[in-house]
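Please read the structure below before turning to the comments.
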Amino acid sequence: MIGKWKLPLFLLAGVGISRLGNFIYLIAINVLILQLTHSAAAVAGLWIMGPLASLLTKFWAGTLIDRLNQKKIMMLTVLIRACLMALIPLMSSITAIYVCLFLLSVAKAFFDPASVTYITKLIPREDRKAYNSYASLIMSGAFVVGPAIAGALLVMISAGAVIWLTAVSFIVSAGIMVFLPNYTVERTSAFHFETFKNDWKTVYQFSKNAPYIIMIVGLVYMLMVLSIGMDAQEVVFIQSTLGLSESDYGLLVSITGVGSIAGAFILSALSKKLSLRFLIGMGFLFTAIGYLIYAFSFSFWSVAVGFIIIGFFNSFSNSGFMTFFQNNVPGDMIGRVYGVFGTVQSLFQIVFILLIGFTGDVIPLRYTIISASLLTFIISLVLVVMVMNSSKKTYYMEASRQVNG
């Protein structure tokens with residue numbers, strides 16, 4: 001058993017350390033930007049960099065990821081992020097820092113699909129659900145422990161020093177990945193515009209031939225866009241609409257993290273017994289119920305209940321969907337499919353975040369959040385019906401691969 005999981009454990013350790021470092025870095029960079037500019041708007045600008053970089057990168061990154069060595073892409077992007085992070089504390093210009101932040105997001109836009117593709121190659125189909133459940137536990141732990149470590153470090157050292165320590169953690173992450181195997185990739189000629197154009201056609205053709213898979217992926221991405229849009233207004237809703245304090249908000253975020261860890265722990269313990277259909281269907285449905293409770297909340301405790309449910313069932317939905325995606329999208333085109341849908345998601349994400357922000361100035365924010373949560377609930381019901389359709393159960397088999405369709 002240990003021998004079987006030796007390489008997956010190396011991968012979990014490498015990716016896990018970078019995830020932990022990422023959460024520490026997020027806290028430190030927010031503090032650093034605020035110290036430099038004393039501007040809330042400058043801090044808010046940090047949150048546009050990720051979607052913007054994804055929008056400008058993912059539509060062509062998949063072509064490279066599917067044709068190059070994914071392990072080397074993962075290591076290179078982690079090392080690039082470490083170097084860029086190490087430069088940030090040395091900069092006094094906010095413009096230069098934003099350029100670094102954009103490049104960091106570009107590197108992450110390569111790392112994420114490359115890691116999904118690599119996981120699909122390294123982990124056998126029957127073990128992917130278990131692997132993704134362990135990855136979810138590590139991610140949930142990083143979500144809680146990372147900010148706590150950052151907070152403790154910021155009491156003792158400067159934000160810049162914390163960012164340097166994070167850069168070191170990324171170098172350690174890349175060092176662990178050295179021990180992972182390389183997978184041979186077909187040698188390819190130079191990349192031309194026609195290559196990228198043909199790849200988009202390939203993804204389109206796959207979508208036509210596998211409508212059920214694309215419907216599930218599309219519904220999940222819609223739910224992601226809606227939830228991210230609501231999360232973007234979380235602070236305003238909790239503090240301005242509900243009248244809760246900043247410390248209340250911090251406590252609610254911690255409660256969400258505890259719910260997430262609890263969900264991920266139960267998932268990792270019961271992954272063999274919980275079906276893929278259950279993880280996706282019930283995971284997204286109860287996450288939507290959590291958002292409904294949050295949208296109709298009038299007190300700290302009602303928000304806390306909603307956040308615990310969201311955190312708990314997010315682990316189920318994320319692990320279930322990732323396993324479904326890896327099992328049903330051909331391994332040699334995961335990067336391209338991930339990239340195309342990621343581009344569309346980023347576009348809608350930016351539009352929806354701006355839309356929900358502007359409508360909050362015209363109508364009460366509560367109405368906007370309620371509308372978004374109701375739409376999330378309706379989409380999740382449609383998803384449950386599609387996932388539980390007995391005629392589609394072959395898409396959720398874990399022991400053997402079926403023909404996509």
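In case you wondered, yes, glycine gets a Cβ from its N, Cα and C as well.
According to TrEMBL, the protein carries these features:
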type	residues	note
TRANSMEM	7-34	transmembrane segment
DOMAIN	7-392	domain 'Major facilitator superfamily (MFS) profile'
TRANSMEM	40-61	transmembrane segment
TRANSMEM	96-119	transmembrane segment
TRANSMEM	131-155	transmembrane segment
TRANSMEM	161-180	transmembrane segment
TRANSMEM	210-229	transmembrane segment
TRANSMEM	249-267	transmembrane segment
TRANSMEM	274-294	transmembrane segment
TRANSMEM	300-325	transmembrane segment
TRANSMEM	337-359	transmembrane segment
TRANSMEM	365-387	transmembrane segment
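Ranked by the number of CB pairs under 8 Å to the transmembrane segment (161-180), the listed stretches 7-34, 96-119, 131-155, 300-325, 337-359 are led by 7-34. Sequence-distant contacts of the transmembrane segment (300-325) (same chain, six or more residues past either end, CB-CB distance under 8 Å): 116, 128-129, 132-133, 135-137, 140, 216-217, 220, 238, 242, 244, 248, 252, 255-264, 267, 271, 274, 276, 278-280, 282-284, 286-287, 289-294, 334, 338, 395-396, 398.
Three or more CB pairs closer than 8 A are found between the transmembrane segment (96-119) and the transmembrane segment (337-359), so contact between the two stretches is assigned (pairs 6 or more residues apart). Proximity of distant same-chain residues to the transmembrane segment (40-61), defined by a Cβ-Cβ separation under 8 Å and at least 6 residues beyond the stretch ends, is recorded for 29-30, 33-34, 94, 98, 101-102, 104-106, 108-110, 113, 196, 200, 232, 335, 338-340, 342-343, 345-347, 349-350, 353. Contact counts against the transmembrane segment (274-294), taken as Cβ pairs under 8 Å, peak for 365-387 among the stretches 131-155, 249-267, 337-359, 365-387. Using a Cβ-Cβ cut-off under 8 Å and counting only residues 6 or more beyond its ends in the same chain, the transmembrane segment (337-359) has close neighbours at 48, 51-52, 54-55, 58-63, 65, 109, 112-113, 116-117, 200, 203, 206, 217-218, 221, 224-226, 228-230, 232-233, 325, 329, 368, 372.
Within the chain carrying the transmembrane segment (210-229), a Cβ under 8 angstroms from the stretch's Cβ atoms is held by residues 280, 284, 287-288, 291, 317, 321, 324-325, 328-329, 337, 341, 344-345, 348-349, 352-353, 355-356, 372, 375-376, 379-380, 382-383, 386-387, 392, 395, 404-405, all 6 or more beyond its ends. For the domain 'Major facilitator superfamily (MFS) profile' (7-392), the predicted model reports an average pLDDT of 88. Proximity of distant same-chain residues to the transmembrane segment (131-155), defined by a Cβ-Cβ separation under 8 Å and at least 6 residues beyond the stretch ends, is recorded for 8, 12, 15-16, 19-28, 31, 119, 123, 161-162, 165, 254, 257-258, 260-261, 263-265, 267-268, 271, 311, 315, 318-319, 322-323.
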